[in-house]
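The next block holds one structure in the form of structure tokens; read it before the comments.
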Amino acid sequence: MVRERTFSIIKPDAVKQAHIGAIYHQIESAGLRIVAAKMLHLSKAQAEGFYGEHEGKPFYDALIEFMTQGPIMVQVLEGENAIEVYRNLMGATDPSQAEAGTLRANYGSGMPANATHGSDSAEAVSREIAFFFSDDEIIG
Ligand code: RTP
Ligand code: MG
């Protein structure tokens with residue numbers, strides 16, 4: 001078992017519907033610790049920078065529009081196998097396909113409004129944490 005970090009976003013739909021507390025409760029109940037967190041409202045340039053890997057895909061413009069429509073919560077999570085544990089906690093990308101009880105089944109309403117983001121690899125974790133946090137903002 002490897003203790004690792006992952007990066008998480010509570011997306012604008014879930015913040016607007018006041019699901020921050022419920023999502024944090026599920027994260028902590030899954031054994032993941034929140035070691036950094038902040039609320040912010042992404043600019044278009046920030047959203048495009050963060051989602052650069054998806055540029056040119058059919059859903060890209062809708063994704064950028066959605067992610068800039070209101071405040072988000074960004075957080076660093078830590079725990080054993082945190083990347084996989086958190087991806088499993090979120091469920092499938094499309095909330096209608098997500099397993100019952102997962103964050104996206106509970107709090108997502110469709111695409112792109114699927115409530116949460118989680119890094120999909122160790123490389124993504126490093127890039128995504130560095131995009132939002134300096135080292136001294138993360139509790140060691
Ligand atoms: P995420 O990056 O947000 O954790 O989601 P993911 O890995 O499960 O999915 P990804 O393929 O990286 O897509 C990023 C986000 O774009 C929106 N999306 N819409 N309409 C569509 O076909 C579609 N596909 C993706 C979703 O908000 C997805 O989370
Ligand atoms: Mg992704």
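Glycine residues also receive a Cβ, built from the backbone N, Cα and C atoms like all the rest.
Keep in mind it's a predicted model, so treat the numbers as computed, not measured.
What TrEMBL says about this one:
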| type | residues | note |
| --- | --- | --- |
| ACT_SITE | HIS117 | active site, pros-phosphohistidine intermediate |
| BINDING | LYS11, PHE59, ARG87, THR93, ARG104, ASN114 | ATP binding site |
| DOMAIN | 3-140 | domain 'Nucleoside diphosphate kinase-like' |
Distance in Å spanning the most remote Cα pair of LYS11, PHE59, ARG87, THR93, ARG104, ASN114, given for ATP: 21
DSSP-derived helix, strand and coil totals, residue by residue, for the domain 'Nucleoside diphosphate kinase-like' (3-140): 64 helix, 28 strand, 46 coil
Whole-number Å value for how far HIS117 (active site, pros-phosphohistidine intermediate) lies from ARG104 (ATP binding site) (Cα to Cα): 9
Cβ neighbour count (within 10 Å, all chains shown) around THR93 (ATP binding site): 13
Which same-chain residues, if any, lie at least 6 apart from the residue listed as 'active site, pros-phosphohistidine intermediate' yet have Cβ under 8 Å of it: PHE7, SER8, ILE9, LYS11
Integer mean pLDDT for the domain 'Nucleoside diphosphate kinase-like' (3-140): 98
Among LYS11, PHE59, ARG87, ASN114, HIS117, the recorded positions whose C-beta sits under 6 Å from ligand 1: PHE59, ASN114, HIS117
Filtered binding-site residues, from PHE59, ARG87, THR93, ARG104, whose Cβ is under 6 Å from an atom of ligand 2: none
